[in-house]
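Peer 1: Sharing the features that TrEMBL gives for it:
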ACT_SITE  Cys116  active site, proton donor
BINDING   Arg92, Arg121, Pro122, Ile123, Asp124, Leu125, Asp304, Ile326  UDP-N-acetyl-alpha-D-glucosamine binding site
DOMAIN    6-403  domain 'Enolpyruvate transferase'
MOD_RES   Cys116  2-(S-cysteinyl)pyruvic acid O-phosphothioketal
Amino acid sequence: MSAYLVEGGRPLDGSVRIHGAKNSVLPILAACLLVPGECVVRNCPDLSDVTASLDILRHLGCAVRREGDAVIVDASAPTGWDVPDDLMREMRSSVIFLGAVLGRMGQADLCAPGGCELGPRPIDLHLAAMRSLGAVIAEAGGGLHCTGGLRGADIVFSLPSVGATENAMLAAVAAEGDTTITNAAREPEIVDLQQFLCAMGADVHGAGSSVITIRGGKRLHGGAYAVMGDRIVAATYLAAAASAGGTVEVTGVDWRHLSTVTAVLAEAGCTLTSTPERILLRCQAPLRGVRPVRTAPYPGFPTDAQAPLMAALCKGTGCSVFVENIFESRYRHVDELCRMGAEIQVEGRVAVVYGVPRLHAAQVRSTDLRGGAALVVAALGAEGESIVTGIHHVERGYQDLPGDLRLLGASVRRT
Ligand SMILES: CC(=O)N[C@H]1[C@@H](OP(=O)(O)OP(=O)(O)OC[C@H]2O[C@@H](n3ccc(=O)[nH]c3=O)[C@H](O)[C@@H]2O)O[C@H](CO)[C@@H](O)[C@@H]1O
Ligand SMILES: C=C(OP(=O)(O)O)C(=O)O
């Protein structure tokens, strides 16, 4: 059984470049299917979710190869329109292939996606968007058979779902005519997807705002694109420095994407200096409790950073309250943090963290991606050697968590 061995209690010191964003590269890889040519996707992280996406592309008849940090996808002649169940279940983002496959092939066969268990994660908004664009979707035995000559439409989301917005964008690029997506998600990864699509010849505007417009049916062409840095990985490393103490610099991310996270860290007593592609954090004193942290769609505090920040705030003075508004069940790391001596009470969507003077090492188990990263963050601030198991969850989103943390002076080994 693989695990991370984390020797806590030593301050961090150093600089790390943040790899490309999982939540950008996965829809971008799906988008490659729309392009009858060669797409070079640079700054592509080496993650198990990326491997799963490349497996799906290969299954659909694309040629795929990796050259350094670039992945090259040639979707000149795709042959398939089905995504096998085992690949669908590998990750949540497999569902983004719905819009791309339907758009490119005129039909799609797939089932519900996998991904982190954070409570119910329906795909009703994805399906409604496809139906708005003219798709006919038959649901039987857990599978979805989708057909349709897509045409532009007005899509209005009841909530700003990241994945449904991306799916709608991909299908609308392939559809004939104009599409307007209202109440679109505004995450930076949506902007990255728009920029990739435009670099390949698509006509998409408005990403980053609540209304996205797409002139569909344009002939796309190959090209190259570099994926943005991963703001959640950056948030995790800043939380690690807050937990262990010390001075850490993260580069390769846009500091504006992290302002809600850095504001909480500053309130807790860290000193932060941000320039466009670099954030420096210094933490010399015990952290203080902070005002309630409420997760919200971007530009609010990201749900994906909730667990790592909570882990940092376990040790310190005062009390911090978290309110998880995006997912119903995203506190599964709490029991494991308590094994390290944290004092946290959860009631429904609210978690109250009572700062304690010290954490101690423990054997703990990751139950999801960010929850697992949070355990490493807490272990860095704990006395003694912790063992973090279930690290396959973590490796879905962090290319080399132990290696990066070692660059910052931490003692973390993978067994
Ligand atoms: C690969 C990727 O980009 N994953 C991110 C994406 O996930 P994902 O795209 O799955 O998240 P969504 O924005 O869709 O989900 C937000 C909320 O909408 C609900 N919902 C969503 C779709 C739907 O059809 N019906 C519905 O009710 C979900 O249950 C959840 O409560 O955004 C989340 C919220 O920022 C992040 O935590 C994930 O890291
Ligand atoms: C929940 C996450 O990912 P996914 O949507 O891919 O499960 C995440 O990145 O924290």
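Heads up, the Cβ atoms here are built off N, Cα and C, so glycines get one too.
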Peer 1: Among Cys116, Ile123, Asp124, Asp304, Ile326, which recorded positions lie by ligand 1, judged by Cβ under 6 Å to any atom?
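Peer 2: Going through Cys116, Ile123, Asp124, Asp304, Ile326 in sequence order, those close to ligand 1 turn out to be Ile123, Asp124, Asp304, Ile326.
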Peer 1: Can you tell me which of these binding-site residues sit near ligand 2, meaning the Cβ is under 6 Å from at least one of its atoms: Arg92, Pro122, Ile326?
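Peer 2: List returned for ligand 2: Arg92.
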Peer 1: What are the non-local neighbours of Asp304 (UDP-N-acetyl-alpha-D-glucosamine binding site), defined as same-chain residues 6+ apart in sequence with CB under 8 A from its CB?
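Peer 2: The answer is Ile232, Ala235, Arg370.
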Peer 1: Cα-Cα separation of Pro122 (UDP-N-acetyl-alpha-D-glucosamine binding site) and Cys116 (active site, proton donor), in Å?
Peer 2: 13
Peer 1: To the nearest Å, how far is the Cα of Arg92 (UDP-N-acetyl-alpha-D-glucosamine binding site) from the Cα of Cys116 (active site, proton donor)?
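Peer 2: The separation of the Cα atoms works out to 7 Å.
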Peer 1: How many Å separate the Cα atoms of Asp124 (UDP-N-acetyl-alpha-D-glucosamine binding site) and Cys116 (active site, proton donor)?
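Peer 2: Taking the Cα atoms only, Asp124 (UDP-N-acetyl-alpha-D-glucosamine binding site) lies 18 Å from Cys116 (active site, proton donor).
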Peer 1: List the Cα distance (Å, whole number) between Leu125 (UDP-N-acetyl-alpha-D-glucosamine binding site) and the residue listed as 'active site, proton donor'.
Peer 2: 19
